[in-house]
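Visitor: Quick one: this structure, given as structure tokens, is what I'll be asking you about.
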Amino acid sequence: MDSRLQEIRERQKLRRQLLAQQLGAESADSIGALLNSKDEQREIAETRETCRASYDTSAPNAKRKYQDEGETDEDKMEEYKDELEMQQEEENLPYEEEIYKDSSTFLKGTQSLNPHNDYCQHFVDTGHRPQNFIRDVGLADRFEEYPKLRELIRLKDELIAKSNTPPMYLQADIEAFDIRELTPKFDVILLEPPLEEYYRETGITANEKCWTWDDIMKLEIDEIAAPRSFIFLWCGSGEGLDLGRVCLRKWGYRRCEDICWIKTNKNNPGKTKTLDPKAVFQRTKEHCLMGIKGTVKRSTDGDFIHANVDIDLIITEEPEIGNIEKPVEIFHIIEHFCLGRRRLHLFGRDSTIRPGWLTVGPTLTNSNYNAETYASYFSAPNSYLTGCTEEIERLRPKSPPPKSKSDRGGGAPRGGGRGGTSAGRGRERNRSNFRGERGGFRGGRGGAHRGGFPPR
């Protein structure tokens with residue numbers, strides 16, 4: 001850790017020296033004096049020249065004033081000369097750079113009655129990240145102001161708890177284990193690989209094997225995925241955003257969503273992470289790519305997915321250094337969204353074992369997985385689905401129904417006059433209800449006469 005910090009300091013010192021050479025500064029410490037703009041330097045020079053000119057002309061004018069008024073007291077003249085000398089000495093003092101100790105000078109809207117919140121500057125002053133001030137981020141209070149959604153979440157949690165299979169887990173080295181032995185094919189697969197990126201950010205040594213994206217791509221996920229299924233892949237916040245998409249395409253998935261985990265530091269403001277050598281800024285978020293396989297439409301496949309129940313953001317406190325566990329909320333998002341009961345968690349740990357999931361990972365301390373027993377939970381027709389109640393179906397968000405031709409109005413072929421089937425432009429002027437030159441019957445919106453009302 002100390003060697004890493006020393007290396008960062010040496011690199012910073014070298015950058016400052018190179019910058020000083022480019023700017024023509026005498027040393028790295030004098031860079032600040034050269035960063036003033038040309039306009040500022042010109043303004044400072046003009047101000048100094050104006051002050052010197054005023055000092056040079058003020059002494060003769062003062063002497064003439066005393067002579068005109070008959071005041072020739074030498075003491076007063078000496079006092080005035082001393083005052084001028086003091087002012088000139090202050091002017092000749094070297095320029096001192098002003099040091100700002102708080103953000104009051106830079107706050108936005110300070111002249112208004114309602115100053116703006118500058119969360120970026122507040123982070124610089126206090127170390128509190130801007131995401132610390134997002135309200136109602138917890139599962140318990142997120143839907144307090146939305147009673148229908150709160151009731152929907154409660155009903156879905158009860159249904160999921162009733163339909164969950166007993167928790168099963170298998171201790172296995174995923175790199176050497178043939179995952180094709182896992183049966184049956186799964187509706188949901190969650191991958192949480194121990195990436196090298198996680199340990200670069202923490203600056204500690206990994207206590208397990210770090211997986212590269214080449215190793216992850218070799219996994220035969222497509223062999224254990226159902227024809228209609230979803231995958232959730234934690235990919236960090238760096239190169240994994242692109243390489244994770246490559247993995248999804250190789251396994252036959254299409255990326256359809258990006259769930260973002262935003263980390264707060266309310267409990268430990270100002271804590272700085274070890275800077276990733278491959279990053280410019282300190283990253284405070286991670287991404288979980290979501291992929292879809294097969295044809296699933298939210299408007300027609302309500303038996304398999306319930307869309308728009310949760311949001312695609314997870315906002316929780318950042319874990320301690322060295323802890324690479326992901327928030328448990330990802331399980332709630334998956335269970336609320338997909339109604340499939342065959343759920344697989346790869347690279348799981350003892351802390352992630354939960355009902356309704358088959359957990360596989362090298363760090364598990366025990367195993368209870370039995371292929372025949374697990375397959376028996378889904379032997380009945382449609383038993384791989386959790387099902388849905390009438391109340392859940394009524395409360396859940398739905399896509400608007402498609403509009404038919406009759407809903408749009410009309411249904412009869414175009415033609416005739418503007419209002420209906422009478423196509424003449426003045427041929428039947430003697431008929432009742434005739435509309436003159438435009439033709440047709442006056443109607444509403446539908447039917448043969450553009451409104452469906454029979455002619456009177």
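Quick reminder: no glycine exception, Cβ is built from N, Cα and C everywhere.
Checked Swiss-Prot, it gives:
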REGION    45-76  region 'Disordered'
SITE      Tyr146  site 'Interaction with METTL3'
SITE      Asp242  site 'Interaction with METTL3'
REGION    245-254  region 'Positively charged region required for RNA-binding'
SITE      Arg245  site 'Interaction with METTL3'
REGION    255-258  region 'Interaction with METTL3'
REGION    278-287  region 'Interaction with METTL3'
SITE      Arg298  site 'Interaction with METTL3'
REGION    308-312  region 'Interaction with METTL3'
REGION    393-456  region 'Disordered'
SITE      Ser399  site 'Interaction with METTL3'
MOD_RES   Ser399  phosphoserine
COMPBIAS  409-423  compositional bias 'Gly residues'
COMPBIAS  425-440  compositional bias 'Basic and acidic residues'
COMPBIAS  441-450  compositional bias 'Gly residues'
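Let's see these features in context: how buried, what's close, how far.
Guide: Shown in sequence order, the list is empty: the chain has no residue 6+ apart in sequence with a C-beta less than 8 angstroms from the C-beta of Tyr146 (site 'Interaction with METTL3').
There are 10 other Cβ atoms within 10 Å of the Cβ belonging to Asp242 (site 'Interaction with METTL3').
Panel annotation: around the region 'Positively charged region required for RNA-binding' (245-254), residues 213, 216-217, 221-222, 225, 231, 233, 289, 291-293 of the same chain, lying at least six beyond its termini, place a Cβ under 8 Å from a Cβ of the stretch.
Taking all protein chains in view, 18 other C-beta atoms sit within 10 angstroms of the C-beta of Arg245 (site 'Interaction with METTL3').
For the region 'Interaction with METTL3' (255-258), the number of residues in each DSSP class (helix H, G, I; strand E, B; coil) is 0 helix, 4 strand, 0 coil.
Helix, strand and coil counts from DSSP across the region 'Interaction with METTL3' (278-287) read 0 helix, 3 strand, 7 coil.
Within the same chain, residues at least 6 positions away in sequence whose Cβ sits under 8 Å from that of Arg298 (site 'Interaction with METTL3') are Ile305, Ala307, Asn308, Ser399.
The average pLDDT the prediction assigns to the region 'Interaction with METTL3' (308-312) is 91.
In the three-state DSSP reading, Ser399 (site 'Interaction with METTL3') counts as coil.
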Visitor: Please indicate, using numbers and ranges, the residues of the same chain that are 6 or more beyond the region 'Interaction with METTL3' (308-312) and have a C-beta under 8 Å from a C-beta there.
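Guide: Residues 149, 152-153, 156, 257-260, 298, 332-333, 336-337, 396-397 contact the region 'Interaction with METTL3' (308-312) from elsewhere in the chain.
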Visitor: Given a Cβ distance threshold of under 8 angstroms, which distant residues of the chain, six or more beyond its ends, lie next to the region 'Interaction with METTL3' (255-258)?
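Guide: For the region 'Interaction with METTL3' (255-258), the nonlocal Cβ contacts are 245, 248, 287-292, 312.
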Visitor: How many other Cβ atoms are found within 10 Å of the Cβ atom of Ser399 (site 'Interaction with METTL3'), counting all protein chains shown?
Guide: 12
Visitor: Please classify the secondary structure at Arg298 (site 'Interaction with METTL3') using three-state DSSP.
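Guide: Arg298 (site 'Interaction with METTL3') sits in coil per DSSP, no helix or strand.
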Visitor: For Tyr146 (site 'Interaction with METTL3'), name the DSSP secondary structure in the helix/strand/coil scheme.
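Guide: DSSP assigns Tyr146 (site 'Interaction with METTL3') to coil.
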